[in-house]
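Novice: Let me give you the structure first, and then I'll get to my questions.
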């Protein structure tokens, strides 16, 4: 028989999961659930500068939100950014994954290099691309100007139509490797037989990719799209350091707009409402995605 | 796909070119950190040939490396002295990782080994924490912390980073525990061992590699986090990503110093990520894609 001392704390002897889960539940309740309800409370209040206090305003913030053209603009920018980045990163990620998924000499090193961008703080990436896109001495701007693609009079990050693309470039650079690494892992886990029989049957490379690789990779692709999509939708760091939402409102994302309303314009209640709106959109979209594509954990 | 030798060479060339294109901005950022001001602003940009200088690093770390004669760097002085901010980042990352891994290991074991009502919903709750936009946590947390005096404290930011890493840690560790055969637990249970004993003496030692990988990933995500650190810290502590964005002075942006700090923040993370190479994809997908 095992002695009590060896069995550990009395409450952990039983086979009940609660003691094991309790610390996690406490953290989730205090740091996820409580803030969530506090946020809902905030969304029905607003800071009154004269009283220096929060006053209840009913549904005013929510009415304001749906009537706010800047909110819709930020919503549109967020969707555009998410869609464009996701598409580029998916296609480019798959292409690069197929390219460097090889056991030839040196490819292991290449795969190692591709992991490096993932651990750079996005705020630092933002500063890197801010420097490289500087209209006077930035490397990217200079290259584009030398090629005659970009006029020296149009600074990338200070031109309404271009600024978002400058931010997208930073995101694509940092996160395409995320897709590459996941896809390589997916490619390596595929069984060899279907490919061998397809090659014996004389299928072309494109046919094999389209008819065998893609369908067999669908689960991996769905997970990569889900995780990346969530992170893109809530993106904050790049626009905060690179453009602060400008020029005008060209690069305001929902997250940045919510943050600025709260902390720069002291609209505590409205900022909270905006952040809740982003939260609901993302939860609904992610849930639909999980249901439709049957993503399982 | 069987490639001819010529195709293989072509593939290798294209692969190297593409990967080097991705590595280039990192190289360029490092060169900025060891360039003199006039070379940073040179047109056309200087990529390979420039005068090197350790001045940016000396100012950021407040030490004199002795390369430049006659430049005295005062320890503890200067606008760009950032060594304490690196220390803040390390403290926050280490402690938040410890909290996250400790709490998550217990929970992940239960989720892997026990069945209970509503388990599916519970896992989903953890997962939806991963979906929350950080701004929707940071805004209420700012006011809650203000009331409890946790604003601008290590405890405050450590706990929030631990929460942020919780879904990753729980789900990733669960996938590692799932890899360990349940028969081991069952045999020991029949022999009369308690769950805690099985966990501590049998399962934990077998999962050490996975726990280490989880810890490294938690460390990295805390190390690179921006929004919470920006919102919940003010003056007494700041993390490296937050100060990196504040190097804009009245005389322009101090790119050299910023690059030096950025490089100093990147290099340890590079070492860490190479250590967990084997489990990286599993970590990035919260345990659902195995390598």
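Glycine is treated like the rest: Cβ placed from N, Cα and C.
Okay, so TrEMBL annotates it like this:
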- B:86-276: domain 'ABC transmembrane type-1' (DOMAIN)
- B:12-30: transmembrane segment (TRANSMEM)
- B:90-111: transmembrane segment (TRANSMEM)
- B:123-145: transmembrane segment (TRANSMEM)
- B:151-173: transmembrane segment (TRANSMEM)
- B:202-223: transmembrane segment (TRANSMEM)
- B:254-276: transmembrane segment (TRANSMEM)
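For each feature listed, report its degree of burial, its nearest neighbours and the pertinent distances within the displayed model.
Specialist: Sequence-distant contacts of the transmembrane segment (B:12-30) (same chain, six or more residues past either end, CB-CB distance under 8 Å): 47, 259, 262-263, 266.
For the transmembrane segment (B:90-111), the list of distant contacts is 119, 122-123, 154, 157-162, 165-166, 169-174, 176-177, 199, 203-204, 211, 214-215, 218-219, 222-223, 229, 237, 239: same-chain residues at least six beyond its ends, Cβ to Cβ under 8 Å.
Under 8 Å from some Cβ of the transmembrane segment (B:151-173) lie the Cβ atoms of residues 88, 91-93, 95-97, 99-101, 103-105, 107-109, 111, 123, 126-127, 129-130, 134, 137, 141-142, 145, 207, 210-211, 213-214, 217-218, 221-222, 225, 228-229, 232-237, 239, 282-283, 286-288, all in the same chain and six or more residues away from its ends.
If one looks beyond the transmembrane segment (B:202-223) by at least 6 residues along the same chain, the residues whose Cβ comes under 8 Å of a Cβ in the stretch are 89, 92-94, 96-97, 100-101, 104-105, 109, 161, 164-165, 168-169, 172-173, 175-177, 179-180, 184-185, 188, 239-240, 265, 268-269, 272-273, 275-276, 278-280, 282-283.
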